Amino acid sequence: MKTTIIGLFVIMLTTQWSFAQNTAAEQEIIQLSKDKWQWMADKNVDKLGNLFHEKSMFVHMGGSWGKEREMDIIESGGIWYKKAGIHEVSVKIIENTAILLNRIDLLAEVGGNEVTNPFEVTEVYIKQNGKWKLGSLSFTRLMTRDDN
């Protein structure tokens, strides 16, 4: 009986540990997302231009648009993504597509006004020619702020 209980305990621990680990591809996407937030804060349109797919789409509280307009907004400071406080991250990879969910508090300057909003952000990445490209970035405003 004691051996059975110990065996079950070991199985439970190893199962939870294996689920908690991210694959190398998932880690790559998580790091790329973190880098993207920093590049947005730095208004680094050169790096963002390389990351954003030519046909990428961006969905904000105020509307949706493509790569060119998003790049113009970032460069001009129309939206200045100052800091993304990341609380939760999850990634699912389906063949050459990665879907990342971020629960964040975003400090931004919009039209000259500094605001902080809680968001669930969906990022969709597509792997082309061995490189991940951002295909979509969508912000869903949450009703309550995460206090983690």
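Backbone N, Cα and C atoms are what each Cβ position is placed from, and that goes for glycine too.
Heads up, TrEMBL stuff is auto-annotated, nobody curated it.
What TrEMBL annotates here:
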- 29-134: domain 'DUF4440' (DOMAIN)
- 1-20: signal peptide (SIGNAL)
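Counting residues per DSSP class in helix, strand and coil order gives 30 helix, 63 strand, 13 coil for the domain 'DUF4440' (29-134).
Confidence for the domain 'DUF4440' (29-134), expressed as mean pLDDT, is 97.
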